[in-house]
Amino acid sequence: ARQSRTPATHPIPHAKESDSGPRAVSAIASAAFMFNLPLSAKKLSVSSVDLLSSKTGQNRQEHHTDLYQGDELIIRRGQTFQIEMELDRPFNADDDHLHLELKTGPLPLVSKGTHVIIPLVDDLEDERWEAKIVERNGNKIKLSVNSPATAVIGLYGLTVTTSTSKGEVPTIHDPKKNITLLFNPWCEEDAVFLDNEEEVKEYVLNDTGRIYYGTEKQIGARTWNFGQFNEGILEACLFILEKSDMPPSGRGDPVNVVRVISAMINAQDDFGVLVGNWSGDYSDGVPPSAWSSSVEILRKYHSSDGTPVSYGQCWVFSGITTTVLRCLGIPARSVTNFQSAHDTDVSLTTDVYFDENMELIRHLNSDSVWNFHVWNDCWMARADLPPGYGGWQAVDSTPQETSQGTFRCGPASINAIRSGQVYLKNDTPFVFAEVNSDKIFWQRNLDGTFSQIGSEKKAVGHCISTKAVGSDKRADITHLYKHKEGSDEERIAVETASRYGSKPEVYGAAKAEDVSVEVKMEGEGPRMGADAHLSIVVKNLSSQPRRTTLHSQVAVMYYTGVLKGTIRKEQTPVDLLPNEEKTIEWMLPYQQYQNQLVDQAALMLTLCGRVNETQQVLAHQTTFRLRTPNINITPSAEACVGKEMSAKITFINPLPRTLEGVIFRVEGLGLQEGHEVVVGDVAGHSTVTLTEHFIPTLPGSRKLVASLDCKQLTQVHGVADIVVLEQ
């Protein structure tokens, strides 16, 4: 039938370009019937699209969006979803073409990721937009659609384009249905991935919480209704992003999104959600203490087309920020700091000024310490910072100081705050001062200069509190923000931070910087399954003796730079003779890390100390990986197209424990199709040997690749180069 010709005496009725709908379709259909034309010669069009968006359906359940009100399709990026469509005839894979298009923002552009063209493919691969037909039933087809874990979040309009041949004008179907795409903390490739199911439930799915207030000796708690799934709240959150100056193309990066939200929750300088008021007069609005929910405030802001709501103070700003971040899929929590400093001059100290008679100088005393202050933590990897600074980030929507000209604050890495690395963005110095600045007392001299007359080192940053995971108890997270008060590490962090402030001389410069510390690794570094050995080399470059105590801690790290947790801490006293170099052998026993590692088996060793004689601060960080063994692949003799050959695959378990449920994946382009070999359990230190038989199909230089799939051991693979001869 494909080669049949139409007799010249019987022209095919055809639809004019202006025609559409049933008349045009029926003309083509009748022509196809009259002359026994192939089915694909008939124009293909979409009759209807079903986004399978019911709250109880597979999409919403699998994407953890079934709690949102309404029956719109709400999905998370980096995860497959299904849609169904009815065509006007069965789909013919040989001749028919179909693709989806998604558009977001006022000026969608392919180059900016805001106009997405989703092609049909034979096999879905991760990390890109693509679709595959997974079911056909008459005129109906079901598609599985993938999105990358870096996709722009927001509201997308969907269209479906169909055609049957290259020269034909495609048919575009607009089902007038939208898709909302959110961040995905369940997806490993998403920057907001949180690898703890209980924590994701708490920090993304819990729509109520507790916010703490009062004083450190009398901590009060109030229940707050975040209500991120309530009707109209998702629309209000997307409206806030629209109202900001951020172009839609910036909405793929959670760092950008959080920074913009911290600016948009307060009304200063951008007509944001809430007006701050600390005057005591709230007669033309609602008193801040009267709110106990984010829902009414966000609905009011949205329904008034962006008129700021009156009034709020820090806990209200924080409650709304938690709502918006959780709603968009970013793990978040409200955090209260007691005795919270407000540093106005970037000195990283809280300064109190007295005149010659020890009277307070009012106009100079602009720094303050709040009884309590509430802000937020949000969770994300930080590709824009060095490794180790991902994880919890501080973000503050209460308008206190401007950041790059706008009232906003964060996201600032809590790991950076803890160690005094205040040169890392965003607004790390401000948050550091809130939790760990020293209170410094100054007196004016007769010549108008000021002298430091005293200090309080423990005046700021106490009982940092958030609601515990899975209960209404209070969790104290002060240890995440600062080392133990008065410890060497805490004092080193304070002095490190002050170097980058407007009063770097407060703590006095080191008299000399003549001691160095570095970490050395033998060969290719420590092996998985064995004790990890590193060498710490401390050098005294002076002609005087030097003494210090080195504090070391090692933490497990995700490949994204997020620290999972510290697994060992210790202190080592070091005495150095003049010009002496000392090597300290550092060892992490296998037993201490065996159950702690994550995917890439990466660890970070942090060293810090202070030289007694000179007050020089020592600080060093080293990231290292526990090396995994290779899989050895040994091909048999000569390889030739069409001739069977074999390859021996050998793997030795490096661990003293059993690997459970081991699977090998073997593949070689032009050699053999990818397939799995189920091995099962492999005892500690034992050897597995497999023999693969295959027939090469393509000549030239080829690679046979094998990888290990096993929960207890990752990143194990091997490759053999095989030159295949022609027959």
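Backbone N, Cα and C atoms are what each Cβ position is placed from, and that goes for glycine too.
These features come from TrEMBL:
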ACT_SITE  Cys314  active site
ACT_SITE  His373  active site
ACT_SITE  Asp396  active site
BINDING   Asn436, Asp438, Glu485, Glu490  Ca(2+) binding site
DOMAIN    306-399  domain 'Transglutaminase-like'
REGION    1-23  region 'Disordered'
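Summed and averaged per residue, pLDDT over the domain 'Transglutaminase-like' (306-399) gives 89.
In this structure, the recorded positions Asp396, Asp438, Glu485, Glu490 were compared by how many other Cβ atoms lie within 10 Å of their Cβ, and the smallest count belongs to Glu485. Among the active-site residues Cys314, His373, Asp396, none has a Cα sitting within 10 Å of the Cα of Asp438 (Ca(2+) binding site).
For Glu490 (Ca(2+) binding site), none of the active-site residues have C-alpha atoms inside a 10 Å radius of its own C-alpha, out of Cys314, His373, Asp396. Around Cys314 (active site), taking its Cβ as the centre, 26 other Cβ atoms fall within 10 Å, counting all chains. A 10 Å cutoff on Cβ-Cβ distances gives Asn436 (Ca(2+) binding site) a total of 25 other Cβ atoms nearby, all chains included. Helix, strand and coil content of the domain 'Transglutaminase-like' (306-399), in residues and according to DSSP, is 18 helix, 40 strand, 36 coil.
Listed in sequence order, the residues Ser437, Lys457, Lys458, Val460, Gly461, Lys482, His483, Gly486, Arg491, Ala493, Val494 complete the 8 Å Cβ shell around the Ca(2+) site centroid, once Asn436, Asp438, Glu485, Glu490 themselves are left out. The closest partner of His373 (active site) among the recorded positions, by CA position, is Cys314; the full candidate set was Cys314, Asp396, Asn436, Glu485. Restricting the recorded positions Cys314, Asn436, Glu485 to those with a CA within 10 Å of the CA of Asp396 (active site) leaves Cys314, listed by sequence position. Each residue contributes its Cα atom, and for Glu485 (Ca(2+) binding site) and Cys314 (active site) those atoms are 26 Å apart. All protein chains included, His373 (active site) registers 24 other Cβ atoms within 10 Å of its own Cβ.
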